[in-house]
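If you check TrEMBL, you get these features:
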{"type": "ACT_SITE", "residues": "E155", "note": "active site, proton donor"}
{"type": "BINDING", "residues": "H70, H103, H153, T193, S251, S252, N253, S296", "note": "(2E)-4-hydroxy-3-methylbut-2-enyl diphosphate binding site"}
{"type": "BINDING", "residues": "H70, H103, H153, S251, S252, N253, S296", "note": "isopentenyl diphosphate binding site"}
{"type": "COMPBIAS", "residues": "333-348", "note": "compositional bias 'Basic and acidic residues'"}
{"type": "REGION", "residues": "1-22", "note": "region 'Disordered'"}
{"type": "REGION", "residues": "333-357", "note": "region 'Disordered'"}
Amino acid sequence: MSATIVRLPEPPRPARRRAPLEDRPVDGAKRVLLAAPRGYCAGVDRAVIAVEKALERYGSPVYVRKQIVHNIHVVTELEKKGAIFVDQVNEVPEGSHVVFSAHGVAPSVVQEASARQLHAIDATCPLVTKVHREAVRFARDDYEILLIGHDGHEEVEGTAGHAPDRVTIVNSPEEADTVQVKDPSKVVWLSQTTLSVDETMETVDRLRARFPELHNPPSDDICYATQNRQVAIKKVAREADLVIVVGSANSSNSVRLVEVAREYGAKAAYRVDYADEVRQEWLDGVRTVGVTSGASVPEVLVREVLDALSEAGYADVEEVRTAEEDLMFSLPKELRQDADGKRDERALGGRTRRSAR
Ligand code: SF4
């Protein structure tokens, strides 16, 4: 997807005070291994820009159903600009503008918004939409769909809502051992986009042991960004005494990065939203700190963590890159033209968010 790249200003750093970390001696040189790729993916970037552009074009308030992306800092900054986050479309005044989040929605939500005469802007990530289409197609072809994902996650609700009579959610490898299907010869698995690749494959193996004719999705449902961030942290974790993942507690791919780091050799791994959550005791005896961030995390939050680590003597930062990413998505169709009907150049792609260091 080619695009003109337009650099927009970085979001402001969080105005949070924190006590400086102490530079305590350890046995050997201190260093940071900074995983790459990390942080914003194309779907998140597009969704955040969609809310910013909607505010620019229609003025405040613009309503957003659910958190536009699962990051508390991003949501707080958009609230300051005039976005109002709601849980359901029935909380949005009739005739208002509402943005659907990157995690996607069920068709019933679109219908409800239309019934309330809302002006909907659909910021569903195109890679989530791809899974929706798969669900619709397999349901139409009479398959039972085993949807591997976390029950209650917005993305899973949205995907299941595209084939409500056909989908059974499989939360874990253990559930693969007990889930029931009506016809084992007509069953397919799909997945949430932000799962652990290894755990999902374990779930699929266990499903296939019970249902040998289990059909595969046409292509990976776990998205490129989730996979790339996991590959990078696996490499870092092998050499790290401690891994710090920047990301919010409700961010599935951030939480998976903590788990993957532990599985692949990090002696300890923790998730933080902000630099002030890094604890002095985590650094005791630590020579190598791995740092990464989830797909919904702006780079400013990683920089804050690096600054805090630098105070503690971890000023030597080496980037460990395992993939290049240049994917960008066009903005939602409702925002591709400016108010005068001309094509808006910013609609051609997202920001580039290369490492600031
Ligand atoms: S994590 Fe993947 S599926 Fe989710 S918004 Fe980013 S690119 Fe899209």
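From the backbone N, Cα and C atoms, a Cβ is placed for every residue, glycine too.
These figures come from a predicted structure and were not determined experimentally.
For the binding-site residues H103, H153, the ranking by surrounding Cβ atoms (within 10 Å, all protein chains) places H103 first. A straight line from the CA of S252 ((2E)-4-hydroxy-3-methylbut-2-enyl diphosphate binding site) to the CA of the residue listed as 'active site, proton donor' spans 10 Å.
With every protein chain in view, the residue among the binding-site residues S251, S252, S296 whose Cβ has the most Cβ partners within 10 Å turns out to be S296.
Screening the recorded positions H70, E155, T193, S296 for a C-beta under 6 A from any atom of ligand 1 leaves T193.
Around E155 (active site, proton donor), the same-chain residues six or more apart in sequence whose CB sits under 8 Å from its CB are H103, G104, V128, G149, Q192, T193, T194, S252, listed in sequence order. Among the residues H70, H103, H153, T193, S251, S252, N253, S296 said to bind (2E)-4-hydroxy-3-methylbut-2-enyl diphosphate, no two Cα atoms are farther apart than 15 Å. Take the CB of H70 ((2E)-4-hydroxy-3-methylbut-2-enyl diphosphate binding site) and look out to 10 A: across all protein chains shown you find 29 other CB atoms. T193 ((2E)-4-hydroxy-3-methylbut-2-enyl diphosphate binding site) counts 28 other C-beta atoms within 10 Å of its own C-beta, drawing on all protein chains shown.
Taking the centroid of the Cβ atoms of H70, H103, H153, S251, S252, N253, S296 as the isopentenyl diphosphate site, the other same-chain residues with Cβ within 8 Å of it are V69, E155, T194, S248, N250, S254, G294, A295.
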